[in-house]
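Positions annotated as transmembrane segment by Swiss-Prot: 28-48, 50-70, 98-118, 122-142, 150-170, 176-196, 223-243, 245-265, 282-302.
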Amino acid sequence: MSKEIALPLESGKKKIGSTYLKLTKPKVVALMLITAVVGMSLAPVVDFPWLQAAFGLVGIGLMAGSAAAFNHLIDRRIDARMARTHKRPLPSGDTNPISVAIFSTALGVIGFVLLYALVNPLTAWMTFLSLLGYAVVYTMYLKRATPQNIVIAGIAGAMPPLLGWTAVTGELHAHAWLLVMIIFIWTPPHFWAIAIHRVEDYRKVDIPMLPVTHGIEYTKTSILLYTILLTLVCILPVLVGMVGSVYLFSSLLLNAGFMYHAWKLKLSPEQNSAMETFKFSIYHLLALFVALLADHYLGLFFTP
């Protein structure tokens with residue numbers, strides 16, 4: 001009898017854990033933390049503060065998860081009406097708004113205290129501003145106010161490399177802002193691709209994404225132009241001496257792939273082209289930052 005009781009309890013605990021993990025958008029947070037690691041690694045520190053860096057990643061991750069959970073909370077009504085999001089924890093009834101509010105607040109507070117006390121105040125406040133930028137400025141206002149929502153608010157999601165840099169140095173640096181700029185320029189074509197794929201969803205809930213307000217063809221052209229701009233921006237770390245030929249070759253190859261998908265999206269009538277572009281953009285950013293990391297450490301290894 002005790003085993004029969006224990007099994008449902010264990011299953012229930014796993015479901016609760018899975019529900020709250022989904023609220024934090026773990027795949028998105030993981031990608032953000034990878035870019036933060038790159039920021040930490042490229043920062044010019046003589047004696048790398050490993051423990052401080054570890055606490056930095058935990059704190060940044062907790063606050064990013066908090067922002068994601070707040071996004072779920074604020075968007076729960078429109079999520080319930082969209083095909084892409086109606087199975088999220090709140091619309092599906094797996095949890096309730098009060099629990100999510102408590103959970104997201106707790107994550108944010110713990111993350112902030114951790115960063116402030118064990119890393120440095122600058123990183124704590126910069127991460128807090130990023131949280132506000134995404135959870136409040138973007139989700140509560142810009143998303144519903146302008147088709148340039150993701151362009152303006154993209155800075156919030158682009159901050160992790162800078163946060164990683166400040167976590168180990170305690171200061172802002174122009175090179176860190178270059179890494180931010182890469183993600184900032186990458187963000188619009190990434191989101192506009194999924195917006196094209198889900199344009200009817202956004203139209204149904206009156207969210208003024210670019211393909212809703214300006215049309216799909218205009219959005220396709222914008223994606224292509226942004227990928228060209230991204231290619232140019234990605235060269236800047238080489239020009240300022242941050243990284244070398246390994247990154248340059250990788251960057252040109254990856255951006256050629258992104259431009260190919262954007263060009264194909266512009267010219268192709270295929271229905272799945274937008275989703276293919278969206279998926280490629282994720283692999284593109286991941287590979288780009290891995291290339292930054294590889295170039296940096298290969299340079300250290302082979303430098304006499």
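Placed from the backbone N, Cα and C atoms, the Cβ positions cover glycine too.
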Taking residues 6+ outside the transmembrane segment (28-48), which of them lie with a CB under 8 Å of any CB in it?
56-57, 60-61, 64-65, 68, 157, 160-165, 167-169, 173, 175-176, 179, 183, 242-243, 282, 285-286, 289-290, 292-293, 296-297
Take the transmembrane segment (98-118) and find every residue of the same chain, 6 or more past its ends, with a Cβ under 8 Å from one of its Cβ atoms.
20, 23-24, 52, 55-56, 58-63, 65-67, 69-70, 72-73, 89-90, 124, 127-128, 131, 167
For the transmembrane segment (122-142), sequence-distant contacts whose Cβ falls under 8 Å of one of its Cβ atoms, 6 or more beyond its ends:
56, 59-60, 63-64, 66-67, 70-71, 74-75, 108, 111-112, 115-116, 148-150, 152-153, 155-157, 159, 162-163, 166-167, 170-172
Is it the case that the transmembrane segment (176-196) and the transmembrane segment (223-243) have 3 or more CB pairs under 8 Å, with pairs at least 6 apart in sequence?
yes
